[in-house]
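S.K.: First the structure, which I've put down as structure tokens, then a few questions once you've had a look.
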Ligand SMILES: [Zn+2]
Ligand SMILES: [Zn+2]
């Protein structure tokens, strides 16, 4: 699971940071899931190592323009991935109406079959490899955080060990691989579990934006490998954070600490922390690290590989 | 009058060309008018020498996404120019409904006062310096070409000559500047016209996209200094041009020749003319120049100053 940040600025693009979008490349698959799609996301994809044609699912946190204004352009430009070129989009209930209105006024024909799924708290998607859940955050308009939980991988079946025990290869290996107990022709009983390495625990990716500090983010991020959390403001600008229902660096760190998570990546920075402002993004980093040391700052095109849980 | 091309690709952005937008900087004013606003126009402005805060008017040719999907983001990001930060937008009747829908779904508060004016063929704007007219083009959906005509500048009043004739400075100079004939105290009659340099003819800028060849473009472009005309396809791809109601290089040149205009700048190129395709953009240029020599190809961030008509 590989994360690529496509936009890390809040509200407006700057020369070095675009508005929100994060790509998640799935393991062993040429499939990408996108989280938010601010204006210019398709342009950022062109400049990245990702192929926008591989986008299979798009998860939208909330309806503010800096999180959705790139969606129409992306969908119009790209024949997207999956069976019959389908893309599934998950987001607040108004998302479907918004896209329908845009399609109608702009006479757009999507290059892919687009299906929009309104989300509710809980499971929003599940297949044999992943479960995606969402939880409401605390913003000026309804906003949802998303958690992608990889299912545990069954441990590798040890063929050599099976052969050494004198078990002849055949359909019986299939049962043993599933961990079942089988009776051999000579009467011996063998448990597949003894022939399999332990399961490899799945990984967990969590994306929380836009929001002020909320226990719902803590719950969603429980035991995550990576938490991407917005940190629009520095700690000393907390008043603005409360007023606009955004987070400070220290709120992001509090969520990471309470969850807890393994790694916090902060993003969605206010463009105010630019030369001329005595506060710099490094100050946000230091503030967060004082609470949760394993914190870093996202930047556009930053790639983060979530490590597997091999023993 | 200075033109800056912000996007010169048709349909989709490429790594080197964004989708449609052209900026026109007005003379002696820190005021910019924008023609079309594809996705990423605000990003292109950040990378140009133009300040998006100076945009005062935006003219939209038609409702296809590659001409309008940057509008919401631009309006949301920028406190625009003019009295009380107002921006006036001109375009097809559906434009207002589209923007209203986007504003509603995305909970956007514009940084400026935005007024949308549906256009009809004829004059769409006029002040003491400029007249803007539009004419319907021939595209899959209603599309309008725009002409900006600068009014003639009154010739400079020759104060030295007036003094040499023994005309005493005073309110009389005002009448003479307007070209009126006045009677001096000593009975002499003096015509202001003899004391003024000849009027400087205004310039004319014309923007025609998206369209297949149409006489309406020829009419609109009559005697223009600069015609910006789409040339999505090469001459040998004319079948696609007729099918999709776009222009070939040779159609653009025919319009320039028939109008006639002083300079043709072609834009809105299909991304197909890239390495791998035996046809290159230089072929489109040669095809057009065979018909209308004074032709060039636009590229992103190209700046073209329309020369003044000083004698
Ligand atoms: Zn927001
Ligand atoms: Zn079009």
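Glycine residues also receive a Cβ, built from the backbone N, Cα and C atoms like all the rest.
All annotation found in TrEMBL is predicted automatically rather than curated by experts.
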S.K.: Can you find which of B:109, B:117, B:139 TrEMBL lists as binding Zn(2+) 1 at the same site as B:62, B:64, B:210?
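M.R.: Only hit among B:109, B:117, B:139 in TrEMBL's Zn(2+) 1 site, alongside B:62, B:64, B:210: B:139.
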S.K.: TrEMBL has B:66, B:67, B:210 binding Zn(2+) 2. Which one of B:107, B:268, B:299 is in the same site?
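M.R.: Answer per TrEMBL: B:268.
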S.K.: What is the Cβ neighbour count of residue B:67 (Zn(2+) 2 binding site) at a 10 Å cut-off, with all protein chains included?
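M.R.: Cβ-Cβ neighbours of residue B:67 (Zn(2+) 2 binding site) within 10 Å number 28.
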S.K.: What subset of the binding-site residues B:64, B:67, B:210, B:268 has a Cβ positioned less than 8 Å from a Cβ of chain A?
M.R.: B:64
S.K.: If you count the C-beta atoms lying within 10 Å of each candidate's C-beta, which of the binding-site residues B:62, B:64, B:139, B:268 ends up with the smallest number?
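M.R.: Fewest other Cβ atoms within 10 Å, among the binding-site residues B:62, B:64, B:139, B:268, is found for B:139.
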S.K.: From the centroid of the CB atoms of B:66, B:67, B:210, B:268, the recorded Zn(2+) 2 site, which same-chain residues not already listed sit within 8 A by their CB, in sequence order?
M.R.: B:10, B:11, B:19, B:20, B:36, B:38, B:61, B:62, B:64, B:209, B:230
S.K.: Cα of residue B:66 (active site, proton acceptor) to Cα of residue B:210 (Zn(2+) 1 binding site): how many Å, rounded?
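M.R.: Answer for this pair: 11 Å between alpha carbons.
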